[in-house]
Ligand SMILES: Cc1cc2nc3c(=O)[nH]c(=O)nc-3n(C[C@H](O)[C@H](O)[C@H](O)COP(=O)(O)OP(=O)(O)OC[C@H]3O[C@@H](n4cnc5c(N)ncnc54)[C@H](O)[C@@H]3O)c2cc1C
């Protein structure tokens, strides 16, 4: 029997550490991890643990739930149950690796065998490198190699599962000291994840390339939360996309599936960036000769968090985040650009807000997205290419459907007026309780460019 330590792999099927084992599964509620967590993610995680426990019960076993420091809990359990080996799947952030190192050391000290597997990604960090063996710092070649490589099939389920006498209870959110999440949280667990995967692969994936940028079309998979918590296996996701490709009726549809697969490669690209540069969480990946002079703008930051900047697409996104603990990708790019360029607020403040509110917050993807928008990242947006929130809104939400869904004040306002909000003078702007723009984009754009040029020493 092996002690199988679940972390961000909350499923029984297509789980590398479990394949073919006689498993004694455990989940440890780790105070150090909870310190960095936030209500939407903890709520999702607790529901996912219920589903995981149920899945084990269906196999005649149960999931042990423990609380404490894994470097104390895991070796103690291993000794108590006399297991052969302790197994877990790798996690790639700096904090997770420190924790795992401490557990490894504690197990070594007690002479307990342990093994680790790469599970959360298809191609683990270090397996796709330049010809010199260095990690890639731009996506293009990484992505091409990632797509060209053979992909592993989903792995088998455990052979058997133990049913310990005292498996421990799954706490409520409040027992862990968290408030209820402000926004809704998606259904958690393997069935919900499989449902999202199948629904997406049955149709939207074939139009993904066209639809993915239009937030009102619901054209994306919504699998980010499942990939974050591992309620679905990445090999299973890839296999489903390959089936969709085989069933695609045209070159365009096949291209759409490949576009989706390439997003999975982006996720693994950012995972390897985080693996090799754990400090991207707090430090700019790309440095300029001088410091970027970020501003302190409490009022602007508050307006941004509340969805009251007077830029409708930005506000719709920020309100979607608070309502659904999730935001559409194109809009994430726009709100991040608005904060870091129009308001010149440090990306770390935006990242922190996202970390607290996103149910799918993933350290690699979140820092990757923020640093891209702030022009400090790996494949960073050049500092002089600054999104115009009005034209972007008009282009990707022409009928203002998305905007009107999340900004009720604008529901009765026609799309043309909404997209011209910035250009209207105060008398022409309908009095619907929605604010005038808090900054003038044209001016702020110039200020941002000058600020970045100063940081580059070009003034
Ligand atoms: C500022 C900013 C912050 C972000 N923060 C996160 C985050 O915390 N967690 C997160 O998972 N994604 C993050 N992203 C990336 C992207 O916005 C989300 O992955 C996507 O919106 C999730 O919705 P989906 O699952 O429907 O995506 P789909 O379009 O269906 O994509 C499928 C999967 O591919 C991966 N993916 C898609 N786009 C990207 C991308 N640009 N970078 C890396 N992986 C990608 C995700 O795992 C996603 O679930 C961020 C992007 C930006 C610009």
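Positions of Cβ are set from backbone N, Cα and C atoms, glycine also.
Predicted automatically and left uncurated, TrEMBL annotations should be read as such.
The following features are taken from TrEMBL:
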BINDING   208, 220-224, 260, 263-270, 360-362  FAD binding site
DOMAIN    1-122  domain 'Photolyase/cryptochrome alpha/beta'
REGION    150-192  region 'Disordered'
SITE      294  site 'Electron transfer via tryptophanyl radical'
SITE      347  site 'Electron transfer via tryptophanyl radical'
SITE      370  site 'Electron transfer via tryptophanyl radical'
Item to complete: Name the one residue among 294, 347, 370 whose Cα is closest in three-dimensional space to that of residue 268 (FAD binding site); these are the recorded sites.
Response: 370
Worksheet, complete the sentence: Candidates 208, 222, 347 (recorded positions); nearest Cα to residue 294 (site 'Electron transfer via tryptophanyl radical') turns out to be 347
Discussion item. Out of the recorded positions I have (208, 222, 294, 360, 370), which ones have their Cβ sitting under 6 Å from ligand 1?
Written reply: 222, 360, 370
Worksheet item: Roughly how many Å separate the Cα of residue 265 (FAD binding site) from that of residue 347 (site 'Electron transfer via tryptophanyl radical'), to the nearest whole number?
Response: 24
Practice prompt. Would you mind listing, in sequence order, the residues at least six apart from residue 347 (site 'Electron transfer via tryptophanyl radical') in the same chain with a Cβ closer than 8 Å to its Cβ?
Written response: 336, 339, 340, 370, 371, 373, 374, 376
Worksheet item: What is the pLDDT of the domain 'Photolyase/cryptochrome alpha/beta' (1-122) when averaged and given as a whole number?
Response: 97
Worksheet, complete the sentence: Judged by other C-beta atoms within 10 Å of its C-beta, the most isolated of the recorded positions 208, 294 is 294
Worksheet, complete the sentence: Excluding its own, the Cβ atoms lying within 10 Å of the Cβ of residue 360 (FAD binding site) add up to 22
